[in-house]
Structure formats: structure tokens, C-alpha cells
Amino acid sequence: MARLCAAIVCLWSIPAITALSSSYTFSDSLISQQVLDGENFLKYDGVRGPYADRISYGISRDPPAQCSVDQVIMVKRHGERYPTSGEGTSIEQALKKVNDSIAGNYSGGDLAFLNKWTYFVPSDCYEAETSTGPYAGLRDAYNHGKAYRQRYGNLYNESTILPLFASDFQRIVSTAQNFGQGFLGNESYATKAALNIISESDSQGADSLTPTCHVQDDDAQSICDDMPYYLPQFNVAAERLNAQYQGLNLNWTDVYSLILMTAYELNTRSSSPWIDVFTTDEWISFAHLWNVNFYYCAGTNDNNNDTNSPGNKYTRALGALYVNATLTLLQQGPSSSGPLFFNFCHDSNITPIITALGIATPSTPLNKTRIPFPPSTWSVQDIVPMGGRLTIERMNCTDSALAPGGIFVRLILNEAVVPLEDCQSGPGYSCPLDEYADFVGGLPSYVSECEVPKDDKQDLQFWWGWNTSTAENFRMGGRCGGLA
């Protein structure tokens, strides 16, 4: 069978953020003639497994020579986690079917490793950030904080308090805490960070990292509700495994649950023997299901009146709330509003922002049962993996042959520079701030499109009214050693 590069999970795509500068335009070693991103398991894990950098367009991650970054606004998904309790139910049912049918007789076949393998989720840790293994969510967040201190440390004044903004869900809070400790150092974090926890209640209105739309796209929702979607490759896997073990009677939904479990195993262990139980075709199918799910449930819609771009009618307006608020910060600049804004929330809160920016909108709508080749630009593995982040840089640039000096905006998605489609005339394919403002001005209104009640807050306010208290810096949950 064709196999994904799984033994070491092809980690050459991951540590790019640690290499912050280089004197070489490309590698100084012998140039490889292999391009292996298509064989990296982490690009097919349905954003259930560990973080991986976005595939780059080749634009330098460092600012252009004539520019300096003076303000950074980041929104980050929580780090690697265990399955949700709902996912856990289907996973445990599929595993029980395997164990009951084979009764420990794993002497041969693709499941021979089950003689020594054990399930990896503690009973009280569903939903929680992971803390063990090389790809643990807490480790990911801490290392990300360290890397951003190295990159943006010049913007931090050690005599001031650094605000961190996290939506009120324990794994989000845990991610913010560990990122903050990585950025500030463990001792300084206790006194120099101010963790501001933002309620996830619908009544927050626009003053939220997790805004709610009070109207629903019924067509898109009907597709969301069908998840998981049937693809024939899952039946192929079921038949292959059933043929190897007398009495085993897996169906395609069992296979889906086992593949889902496999992706999560890497969040707490260094490897998973389950990866090679399934073929590359089956992993590609699994990734497609999650692309479709995000597309319709929390994904893209280029134009609400464009029947060729169904997606979800309201996610663009949801994302416009955050994008509009960041524009205000960028226009005010660091001297007025501050230089560093680090925010933490869920994947489904970040994909609407990507939708509003239009940096991953596919040219054709996604189909539940047909996988697009070449792959769609709406690939959630490149958009919002575990620990994924969108970083907006405000750059102050001097005159150059490319453009006159001024303020420019640059988007960094999972450590890859992603230019706006219609605004890239600045240094490093950045967008002049005034042109960026024009672009943002064309976005729909969150308050009106999503019918926010008049009694709820009508603007995002917490960036301008944050508290300096350290009281929440070490808040813990009630399960899984405080992680849930």
C-alpha cells in the first residue's frame, strides 16, 4: 500500500518559526529535488492532529529590509487536545467492536499491534488540552510563545503589563497561559501578564472572541448536520480489515471513527501505529470531510448573492467583526492602542475571519462526495490546524524602489505570508494601510447581518478596556488535572 510519511510525521514542515532569520535566500545546502508536503500526514489529519505550518508561497517570513514591524495582532486556536466527549463516544464504540469481535487474537494482519496498544484518553480528559508527548498542546503553546518573544520581543516593554485575551473555555485559557509563560518566562508571567477571559455567552454581542449569528443558513446547516459524510474509500478500508479477521464487521462509520482517533493519538504520543492501517486514499478522504464541514459550518462565502459560492451566508459577517476591530487598532497604531494583542479562541471562530479576509476562498464550491484535484484553496489543514494562528503585522516602511514609505499591513497565516488578493503593492506583497481600510470597509456588518439584539453590545470593546489584574493568570478547570 502507498503510505504517508508517518514514522517521524514528516516534521520538516513544522519548526519554521524557530528559524527566524537566515543569510541565505534559499537553503545553503544541496537543493533538494523532492517536494514532500503532499506526503506529510499532518496535511491529512482533518485538523484533529498536531500543528503544521502552512505551505508557503515562498515570501520571506521576516519583514522586508526597509520595514520594521511596530504592531502585532494575533488570534490563535487552542493547542492540541483530546477528542470531545461526543467524538469519544463513537471512538470507544468502534474500538469495542474491534475488541469484542477479535477477542485479543491479533496475531497477524494490520491490527497485530493491538496486542500491546492501549487507548490513550483518560476518562476525565475529553475536551482537554494535552500535556504529554512531543506534540502536546501545552508544549506547542509554550514554544509558540517563546518563538514570538524572539521575533517580536522588541515590541514588549518589560515595565508594562502584557494583556492576553482568551475566550472562556478551559483549553483556550490553558493555551493562553502557556503561550504567555513562553513569551514572558515562567516567573515574569506571574506578575507581568494580565489574562483577560472573555465570556462565550451569546449575550456578549459584538464584544466577543466567539460571536454568535442569530440567523441561520438553513441550506448550509443541513450539510453540517450530515457529518460524517460517506465516501467509498471508508468502505474499502472496512472490507479490507473485515477480511483479515473472522467475525469483524466494521462499517464505514466505524472506519471514520478509528481514523478520527488516530489523528488525536499524536496529540499525546510520539507516534500512532494506526496511521498505516489506512491508505493515503483513505486519509485524503478524511481530510476532505473536514474541509467540507468547515466550508459549510464555519467557512467561506465570497458574496452572499453569488450562487456559485454557497458556503455559509453569514460567516463573512461573523469574521468582519474581528477584522474591523483590528483595523481600528492598526489605524490608531502602537503609541495609542499598544503594540501587542494576543488572542485565543476556537477553530470555528478563526475560519470566519479567514473568510472575511478572502485569503482562502475557493473558486468552486466544495462537494460532499467529490474530492477536488488540484486541491481546493479551502484546505483547513493550512487554515486552522491545532495551535493555528493568524497574525496581522503593522509595518512601518521607508521609501524604496517598490513603493513610497508608509504604513503597510501584512497577513501571516500559520507562519506563511499570505497576501490579500487585490492589495499587495507594498513591500513583501503587503497592503498599504489606507487601501486595507478601503477593503475592510466593504465587508458586511456583523451587527446587522447577524441580527445582534439591541440590548447586546454592538462593538468589540475589550481591547480598549482590558484589566491589569493577574487574578486569572493561573485559573484551572475541575477535571483532568485542571486542564478541563
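One is the number of the first residue shown, and numbering goes on along the chain from there.
Yeah, the Cβs are placed from backbone N, Cα and C, and that goes for glycine too.
Keep in mind that TrEMBL annotations are predicted by a computer and have not been checked by a curator.
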Candidates Cys345, Cys397, Cys423; TrEMBL says the disulfide mate of Cys67 is Cys397
Within the same chain, the residues at least 6 apart in sequence whose Cβ is under 8 angstroms from that of Cys67 (disulfide bond) are Met395, Asn396, Cys397, Thr398, Phe408, Pro427, Gly428, Ser430
Students should find that the Cα atoms of Cys431 (disulfide bond) and His78 (active site, nucleophile) sit apart, in Å rounded to an integer, by 28
Taking all protein chains shown into account, the Cβ-based neighbour count within 10 Å for Cys423 (disulfide bond) is 17
Here the Cα-Cα span from Asp347 (active site, proton donor) to His78 (active site, nucleophile), rounded to a whole number of angstrom, reaches 8
Filtered by Cβ under 8 Å and at least 6 apart in sequence, the residues in the chain of His78 (active site, nucleophile) near it are Glu129, Gly137, Ala141, Phe169, Arg171, Ile172, Ser174, Thr175, Phe344, Cys345, His346, Met386, Gly387
